Amino acid sequence: MREIKIGLLGLGVVGSGVYRLLSENGDFMAQKTGSRLTIKKILVRDLGKPRPVSVPDGTLTTRAEEILEDPEIEIVCELMGGIEPAKSYILSALSAGKHVVTANKAVLAEFGPEVFQAAEAADRGLFFEAAVGGGVPIIKTLRESLSANRIQTITAIVNGTCNYILTRMQESGLSFKEALVEAQKLGFAEADPTLDISGMDSAHKLALLATLSYGSFVPAEKVYVEGIEGLEPLDLAFAKEFGFLTKLLAIAREKEGEVEVRVHPTLVPEGHMLSSVRLAYNAFLLKGDFVGEIMLYGLGAGAEPTASAVVADLLDAARLIISGAKPTSILYRETPLDIKPMPRIVSRYFFRFSAVDRPGVLSKISGILGKHGISIASVIQKGRQIGGSVPIVMLTHEAEESAVRKALSEIDKLDVVTAPTKLLRILED
Ligand SMILES: NC(=O)c1ccc[n+]([C@@H]2O[C@H](COP(=O)([O-])OP(=O)(O)OC[C@H]3O[C@@H](n4cnc5c(N)ncnc54)[C@H](OP(=O)(O)O)[C@@H]3O)[C@@H](O)[C@H]2O)c1
C-alpha cells in the first residue's frame, strides 16, 4: 500500500479534528483508496500547549522548514488561519512541488490569483473545500458536480454565528447584544466577532464561490456588504408580521453578462427553503441553467465537520499523486467579471420609518416614494410609541436601489421623521 506523508501547519480546532479523523478512520480510508495518509510533522507556535489529541514525541515542531523542505512530505495541509505566514507557507509548499490543502478563506479571497497561479505553475493541486461551508461540500459541487451549468444564482447562509444570533433574536426576542453574548458562551461566536457580524466573513466566502462559479477572480472588496449589528428585534418582529424571517444572505446572480455579489440582512418568506435554516447551520441554494435548483445544508464550522472536508481534500490530493493526473484549473476566464454596481440592483424593500404621531405623515412619506417611482405593496402603522415616535413599516414592489436611496435621504430630512429609516431587502423569487 502506498504511504503518503503529510505535513500539517496548525493543530488548533481544525488541525486536531483532522488528526483525530485520520487516526480513527485511517484503516477504512486506506481500504477504500489504496493509500495510507500519515502525518509526519505538525507546525505549532507553542510546543508546550495542552492539546485535545496526543501525538507521538517529535511530531510537533515550531520550524516550518522541517515540513516545507522535507522531500518525503508530499502534501502540506495549512490549518493555521490568518494571512501571514500562512500565505507564504502555501506558496513555498507549492513551489517545492507539494500539493496543498487549506481551509483558509482569507488567503484565497484576498490573494486568490497569486495562489491559484502558483498552483498552476507548479502543476500541483490546491484544495480548499473547508474554506467555505465547513463540512458542506459546496466547493466540490461547484467545481465538479455542476461544472456543466451556468450558475444563475447562489443564495446562501454562510455564517453560522450570524445565523445563530438572528435565530435567537427572531425566536426569543433577544436583543442583538444578548444573542451575541449567548453565542459566545456556547462557542458559536469568537471573542472578537467583528469579521462575522460585519458580514466580511460572508463576503470572503461569497467572493470565493463567485470566483469558482464564473471562472474569473472576484475580489472580496467588490462584494457589497452590510452586517447584522444594526438589526433590532423590532425589525425582525415586523418582518414576521408580514410573513418573513430575517437572514444574513450571501447572494450572487448572473444576468445579462453582469454579476451581482452582495451580503446583507434579507427578508426570506416563511416556507422558503432558506427560512428553515436555524441556529449555526449553513445552507447553499444554487440554481444552474440545466440542473435547476439544488440545496446543500449542514454545519459550516466545528472541528469534526471541517475535518471531514479537509480529509476529503487530502484523499483527492492522494489520488492525484497516485494517478499522476493533472490538477484542474480554477480560473478559466481571461477578462474580469462585470460586477453590477449596487445602485443598479432591483429588489423589493422593507422600510421602517420613525415618525411623529400626527395626521398627514404617511401621505408625506408616500408622496416622496411615489415621486421616485417606488410603489407601496403594504403598510403597517401602529400606535406603539418608541421614544416619542411611532414606527411606520412598509413593503414595496420592485424598485431600483438608487431610487430608494434618493427617496430615503429626502424622507429622513422631513421634520416629522425622527430617526434614520431602516431598510431591509426582500429575497426575490
Ligand atoms: N474553526 C472552524 O470551525 C473552522 C471552520 C472552517 C474553516 N476554518 C479555517 O481553518 C483554519 C484554522 O482554524 P482553527 O479554528 O483551527 O484555528 P486555531 O484553533 O486558532 O488553530 C490555529 C493553529 O495554527 C497554529 N499557528 C497559528 N499561527 C502560527 C504560526 N505563526 N506559526 C506556527 N503555528 C501557528 C496554532 O499553534 P498553537 O496551537 O501553538 O497556538 C494552532 O495550532 C483557519 O483558516 C479557519 O478560517 C475554521
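Glycine is treated like the rest: Cβ placed from N, Cα and C.
Classification of SER16 (NADP(+) binding site) by DSSP places it within a helix. Every protein chain shown contributes to the tally, and the Cβ of SER16 (NADP(+) binding site) ends up with 20 other Cβ atoms within 10 Å. What TrEMBL records for LEU9, GLY10, LEU11, GLY12, VAL13, VAL14, GLY15, SER16 is NADP(+) binding site.
As annotated by TrEMBL, NADPH binding site applies to LYS105. Around LYS105 (NADPH binding site), the same-chain residues at least 6 positions away in sequence with a Cβ under 8 Å from its Cβ are PHE128, ALA131, VAL132, ASP201, HIS204, LYS205, LEU208.
The Cβ neighbour count for GLU190 (L-homoserine binding site), using a 10 Å radius over every protein chain in view, is 14. Taken from TrEMBL, the feature L-homoserine binding site covers GLU190.
In the shown protein chains, 27 other C-beta atoms lie within 10 A of the C-beta of LYS205 (active site, proton donor). The active site, proton donor annotation in TrEMBL covers LYS205.
As annotated by TrEMBL, domain 'ACT' applies to 350-425. The DSSP breakdown of the domain 'ACT' (350-425) into helical (H, G, I), extended (E, B) and coil residues amounts to 22 helix, 32 strand, 22 coil.
Using Cα positions, the member of the binding-site residues GLY10, LEU11, VAL13, VAL14, GLY15 nearest to GLU190 (L-homoserine binding site) is identified as VAL13. Close to VAL13 (NADP(+) binding site) in the fold, though at least 6 residues off in sequence, lie GLY302, ALA303, THR306, each with a CB less than 8 Å from its CB. Sitting within 8 Å of the Cβ centre of LEU9, GLY10, LEU11, GLY12, VAL13, VAL14, GLY15, SER16, and not among those site residues for NADP(+), are the Cβ atoms of LEU8, GLY17, VAL18, TYR19, LEU79, MET80.
Of all the binding-site residues listed (GLY10, GLY12, GLY15), GLY12 has the fewest other CB atoms within 10 A of its CB. Taking a Cβ distance under 6 Å to any atom of ligand 1 as the criterion, the binding-site residues GLY10, GLY12, SER16 reduce to GLY10, GLY12. Within the model, the domain 'ACT' (350-425) carries an average pLDDT of 93. Sequence-distant contacts of VAL14 (NADP(+) binding site), defined as residues of its own chain at least six apart whose C-beta falls under 8 angstroms from its C-beta, comprise LEU79, ALA103, ALA130, ALA303, THR306, ALA307, VAL310.
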